[in-house]
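Asker: Before I ask anything, here is the structure I am working with.
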C-alpha cells in the first residue's frame, strides 16, 4: 500500500498566513512615552522663555539703564545686556538661537526681550528709529548688546547660526580688551580721540605673561579708560617714540597714557579751524613695566595730578625701517645736546644767585604764572619769618592805594607842563620855560637874544680875521730878517 507524502512547502506557507498580528497594547506604551517627552520639552522650553524678562517700554529709567548703562540708584552696578527684538503681540516663539544662548549661562550678559517696534517712553521714536544707524532690520533675529559697554551694537548675522556661536560672539563683544592698532586712523579713532587712552607699545608680536596679566587687571580696574596696543617690532609710532619714549629694544614693552585736550578726530564734526583740531597730551612710564607702576600712572592721569606734555603734532603709524630708526637716533642726539647746552648755560648764568629769575627758584620760569608763584612763595616766606604779621583790612589797603596814587600825581606834576605855563599856539617854547619879554625900545627878548648871538658871531669872526692878519705880519717880519 503506497503512502502519500505531504507537501511541506505548502504547509509552511499556510502557517505564515495564519500568524496573528501583534496586539495593539504593545504599541500604546511607546507612543504615550513619545508624546509625554514632546510635551515635557515644550513645557521646559516655555519655562525658559518665561525666565527671559521683557523690558517695559513705559519705564524710562529701565530703558536708560538697558540702552545706555545709566544707573541712578545707589549700590546698583551697571550691567551688560543681550537684547532680542521680539514684538510683544507676536504669535511665534522667540529665536531658538537666543534661547539656547540664554540657557547656556556662560555669556557675560543679562538676556532680555524688547519690542523694538513700539514707541519708547519719553521719546517719539522706536528703538529701531532711535538707533537706525546701529541696527539693521534685514538681519534676523535682531540681537544687540548694550548697557555698560555703551549704546546698542548689533551682533553680526554670521554669529546667529547656533547658540554656542552667539555665546562666543557675546564674549568677544563684552569682554574688555585692548584695541589693536595697525594704522594711523586706528590710532586716532580708537585711542587719541578718547578722553584718556593707555597705549602699550609691544616689543614683539606677543607680550610677556606679566604684561598680559597687568593689562587684564587694568581693563577691569579702569572701565572708562580706553586701552590700545601696537606691535612696535613691525610698526613705528612717529611723533611719539623719538620724542617721549626710551629707545626701542626687542621684546621690551613701553607704556604711554594720552589725555585729550580739545577737538575731535571725526571729520564730520570739524570745520577745518584750529579750535576743532584734535589736540592731546601724553605722559610716559619710565623703567620696567608692571601692574603697580602702570596702575599708578593711569590713576594720576584720571585724577589730573600727572605731569602731562603737550603733543605738538599727532603721532602717526609707519612701517619700521632702518631709515626711521636712524632719524630717531639723530633726534635723540640733538635733544641731548640741547639739554646739555641748556644746563651749561643755566650753571654759568644762574650760579647760586638770588635774582628774581635765578635758577634757585624752580617755580619761576619767567611767565605770568611763574612770577605769580614766585610772589606767593616770597609772601609765604615773609609771613613765616614774621610771626607778628597781621593781615591788612580792606580799609587799610584802600588808604595805602589812595596815598600811592597821590604820590604818583605829585611826581607827575613835577615833570608835566602845566596849562598856564604853556605858550600860546604858534609861539615857540623857550628852554627856560618863559615867554618873550618886551623892552623899552620895543624889541622882545627873543629878538634881543638873536641879535646878541649874531653880534657875538660877528665879533668872533672879526677877531679871527685880525688874528690872521697879525700872524701874516709876523711871517713878513721873519722873512725880512
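Just so you know, glycine gets a Cβ as well, placed from its N, Cα and C.
Heads up, TrEMBL stuff is auto-annotated, nobody curated it.
Here's the feature list from TrEMBL:
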- 308-318: compositional bias 'Polar residues' (COMPBIAS)
- 322-340: compositional bias 'Basic and acidic residues' (COMPBIAS)
- 356-367: compositional bias 'Low complexity' (COMPBIAS)
- 368-413: compositional bias 'Basic and acidic residues' (COMPBIAS)
- 421-441: compositional bias 'Acidic residues' (COMPBIAS)
- 452-461: compositional bias 'Acidic residues' (COMPBIAS)
- 469-481: compositional bias 'Acidic residues' (COMPBIAS)
- 1-24: region 'Disordered' (REGION)
- 308-481: region 'Disordered' (REGION)
Asker: Could you give me the DSSP helix, strand and coil counts for the compositional bias 'Polar residues' (308-318)?
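Answerer: Split into helix, strand and coil, the compositional bias 'Polar residues' (308-318) gives 0 helix, 5 strand, 6 coil.
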Asker: The compositional bias 'Polar residues' (308-318): which same-chain residues, six or more beyond its ends, come within Cβ distance under 8 Å?
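Answerer: Non-local partners: 181-184, 186-188, 192, 230, 235-240, 244, 258-259, 261, 278-283, 301, 324.
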Asker: Which residue counts does DSSP yield for the compositional bias 'Basic and acidic residues' (368-413) in the helix, strand and coil classes, in that order?
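Answerer: For that range the per-state counts are 38 helix, 0 strand, 8 coil.
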